[in-house]
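Novice: As listed in TrEMBL for this protein:
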{"type": "DOMAIN", "residues": "230-359", "note": "domain 'GGDEF'"}
{"type": "TRANSMEM", "residues": "30-49", "note": "transmembrane segment"}
{"type": "TRANSMEM", "residues": "55-76", "note": "transmembrane segment"}
{"type": "TRANSMEM", "residues": "88-105", "note": "transmembrane segment"}
{"type": "TRANSMEM", "residues": "111-144", "note": "transmembrane segment"}
{"type": "TRANSMEM", "residues": "164-181", "note": "transmembrane segment"}
Ligand SMILES: Nc1nc2c(ncn2[C@@H]2O[C@H](COP(=O)(O)OP(=O)(O)OP(=O)(O)O)[C@@H](O)[C@H]2O)c(=O)[nH]1
C-alpha cells in the first residue's frame with residue numbers, strides 16, 4: 001500500500017469543512033451572478049424593443065447576442081447549478097459585449113456609461129483572482145479602442161475618453177478593495193473557525209482526532225455517504241503494558257510514547273484512512289474501502305513497524321508493543337457491532353500474549 005499521508009491541516013480541512021461558511025461564500029457569488037444576469041436581460045430587452053428601429057444594425061445585433069448569451073448562462077445555471085461553467089459563459093459574453101459596445105459607441109455615443117458596471121460584476125461574481133484577470137482584459141482592449149489605431153470604431157471626444165477612463169479606474173479600485181477585504185475576512189473567519197473546531201475535535205497530546213470527531217463528523221459522514229466507505233475496516237489498537245512504561249520511566253515518557261505511536265500510525269496509513277485517539281492508550285483506525293483481510297495486513301504491518309522503531313528519547317531506547325483487534329463494517333455489520341467486534345478481538349489479543357493482531 002502506498003504510504004502518502006496528508007498534512008494535518010489538509011486532514012482537518014477535508015473532514016471539518018465549514019459548510020455554513022462555504023455556503024455563505026458561494027451564495028454571495030450565486031446571488032451576484034443571478035442579479036447581474038437578470039438585470040442585464042431586462043435592460044437588453046427594454047433597449048432592443050424600444051429602440052430597434054433607430055439603433056444601427058450592429059448595435060441591435062450586439063444587444064441581441066448579449067441577451068441570448070446571458071439567458072443561456074442563467075438557464076444553464078438553474079439546470080446544472082454549475083456556477084463555474086455558467087460564469088465562464090457569462091464572462092465571454094461580457095468580454096464580447098464590452099468590446100462591441102465600445103466599438104459601436106452605443107446609442108448617441110453613450111456606450112461608455114454602460115461599461116461602469118463591469119468591474120463590480122467581474123469582482124463580485126468571479127472573485128479576486130479571475131475578477132482581476134477579466135477586468136485587466138477589459139481595460140486593455142477598452143484602452144486600445146479609445147486610444148489605439150482606427151479599426152472602424154466610434155471616435156469619442158478627448159474629454160469624454162479621459163473622464164470615462166478616470167471614473168472607470170476609480171470603480172475598478174473600489175471594486176478591487178471591496179473584494180480583496182471580503183476575501184481576506186472570509187479566509188480569516190475560515191481559519192479561526194477551523195482552528196476552534198480542530199481544538200474541540202482533537203487530542204491535545206497527539207494531535208489526532210478524538211472521540212468527539214468520530215461521533216460528530218466521521219460517523220455522520222460515513223452514514224450519509226456509505227458508498228464511499230463500505231466495506232470499511234476498523235483496527236482497534238492498544239499499547240501493551242503502558243502502566244509499566246509510566247511507572248518505570250515517568251509520565252512524560254509515557255506521553256512521548258503516545259505521540260510516537262500516533263506518528264507511526266499516521267505514517268503507515270493512506271490519505272483516506274483516519275486514525276483517532278479513542279481513549280488513554282487506545283487508538284481506532286478507520287480504513288475505508290478495505291476488506292477484513294486487507295486490514296489484518298495493515299495492522300500486522302503497523303505492529304512490525306512499532307517493533308522495529310522503538311521510542312528513542314534522551315539517548316534512551318524504549319521498546320514497547322501494541323495489540324490489535326480488527327473488524328469489518330459492511331452492509332450487514334453496522335458500525336456499532338463492528339466496533340464491539342474490534343474491541344473483543346483486541347481483548348483476545350491482550351489475553352493471548354499481547355503484541356499481536358487478532359481479527
Ligand atoms: N503518560 C500517560 N499515561 C496515560 C495517558 N492516558 C492514560 N494513561 C495511563 O495508561 C495506563 C493504562 O493502564 P492499563 O489500562 O492498566 O493498561 P496497560 O498497562 O497498557 O495494560 P494492558 O492494556 O493490559 O497491556 C494507566 O496507568 C493510565 O494512567 C496519557 O495521556 N499519558
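Just so you know, glycine gets a Cβ as well, placed from its N, Cα and C.
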Novice: Report, as numbers and ranges, which residues of the same chain sit near the transmembrane segment (88-105): CB under 8 Å and 6 or more residues beyond its ends.
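Specialist: Cβ under 8 Å, 6 or more out: 33, 36-37, 56, 58-59, 62, 65-66, 69-70, 72-73, 76, 111-112, 114-115, 118, 121-122, 125-126, 130, 134, 137-138, 141-142, 145-146, 152-154, 156.
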Novice: Taking helix as H, G and I and strand as E and B in DSSP, count the residues of the domain 'GGDEF' (230-359) in helix, strand and coil.
Specialist: 60 helix, 34 strand, 36 coil
Novice: Under 8 angstroms for C-beta pairs, at least 3 of them, ignoring pairs fewer than 6 apart in sequence. Is the transmembrane segment (30-49) in contact with the transmembrane segment (111-144) by that rule?
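Specialist: They are in contact.
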Novice: What parts of the chain pack near the transmembrane segment (111-144), using Cβ distances under 8 Å and only residues at least 6 beyond its ends?
Specialist: 28-29, 32-33, 36, 87, 90-91, 94-95, 98-99, 101-102, 104-105, 154, 156, 160, 164-165, 167-168, 171-172, 175-176, 178-180, 183
Novice: For the domain 'GGDEF' (230-359), would you mind checking the mean pLDDT of the predicted model?
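Specialist: Average per-residue pLDDT within the domain 'GGDEF' (230-359): 94.
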